[in-house]
Amino acid sequence: MNYISIQDIDSLSKWVKSALKIKKNPLKNQSLGKNKTLGMLFFNPSLRTRLSTQKAAMNLGMNVMVMNFTNEGWTLEFEDGAIMDSGASEHIKEAAEVVSQYCDIIAIRAFAGLADKEKDYAETVISGFLKHATVPVVNMESAVRHPMQSLADAITMEEYKTKHKPKVVLSWAPHPKALPQAVANSFVEMMQMQKDMDFVITHPEGYELSPEITKDCKIEYDQNKAFENADFVYVKNWSNFNDYGKVTNTDPNWTVTAEKMALTNNGKFMHCLPVRRNVIVSDEVLDGKNSIVIQQANNRTYSAQLVLQKILKKL
Ligand code: CP
């Protein structure tokens, strides 16, 4: 079993229930991972994913090895048949198979490069590991998806929802740097799996996510209108998908402020973190009582623990 996309989940509601059960007693399965090793390979920085996944593995009694590929590993080649006479020192074929000798589960973080849409959306790095690793592979944020985050988001919404069919808004917000679409993509895919939620995406015109991801999701270009009566406001920047990887809008009018949150139904503010204060969201909102970003980050441990637990049971 691999965990690459939130769509690898058979029943989101059952998984959320299981994660909440783990949260009540996280050390219950401490012997499940005994003598098993999780290898965490990072091609990009992290705080939450790095620590929550390791914590989850430790709760299950696993050994954990972490490698920062950017400064510790050989530069990898991903193309089949490549003549490796320039930068890359090692092919993914050997690298993935070798890591599989030392680890029972491999978890990988490899962001979009944002220079080549086709290459990013082909998920070159994680696909290479999936093809050549001989052990299960877990996605800790790939070019296109961040399914550990969106599972944690689903757990958090289940805990904080106050009515049967809450309104959930995914809102773009400005950011000075080009960021991948992965978090937004996985949040959209998770929302498509929710049975009883009213979902709307809001962003400036031209900032549409991949139509293959959003499918028939409702899109509202007026952020204020989208926020009306919202129970959850999930905020994230992403760079332009059409003008791929570019920052074509930094309009501060899209920053989430207390005035905007006042349009909601006492809505909860969510963000995956890290977040740029007073660019994405005002201090007032982030520090306010309706901000649940820390609780969201806490749930990363239980989302990771559920994924590892499911895989360990199948080893
Ligand atoms: N939300 C999230 O994935 O955080 P990190 O990038 O710090 O891991």
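Heads up, the Cβ atoms here are built off N, Cα and C, so glycines get one too.
Predicted automatically and left uncurated, TrEMBL annotations should be read as such.
Within LYS215, LYS236, LYS313, LYS314, the residue that TrEMBL lists together with GLU141, HIS175, ARG276 for binding N(2)-succinyl-L-ornithine is LYS236.
Neighbour list (CYS272 (carbamoyl phosphate binding site), Cβ cut-off 8 Å, at least 6 residues apart, same chain): ARG48, HIS146, GLN149, ASP153, VAL183, LYS236, GLN296. Using Cα positions, the member of the binding-site residues GLU141, HIS175, ARG276 nearest to TRP74 (carbamoyl phosphate binding site) is identified as GLU141. Summarised by DSSP class, the composition of the domain 'Aspartate/ornithine carbamoyltransferase Asp/Orn-binding' (183-308) is 47 helix, 22 strand, 57 coil. Around the Cβ of ARG300 (carbamoyl phosphate binding site), a 10 Å sphere holds 25 further Cβ atoms from the protein chains shown. Over the domain 'Aspartate/ornithine carbamoyltransferase carbamoyl-P binding' (4-159), the average per-residue pLDDT in this prediction is 97. Listed in sequence order, the binding-site residues among SER46, HIS175, LYS236, CYS272, ARG300 whose CB lies under 6 angstroms from an atom of ligand 1 come out as SER46, CYS272. For SER46 (carbamoyl phosphate binding site), the Cβ neighbour count at a 10 Å cut-off comes to 18, with all displayed protein chains included.
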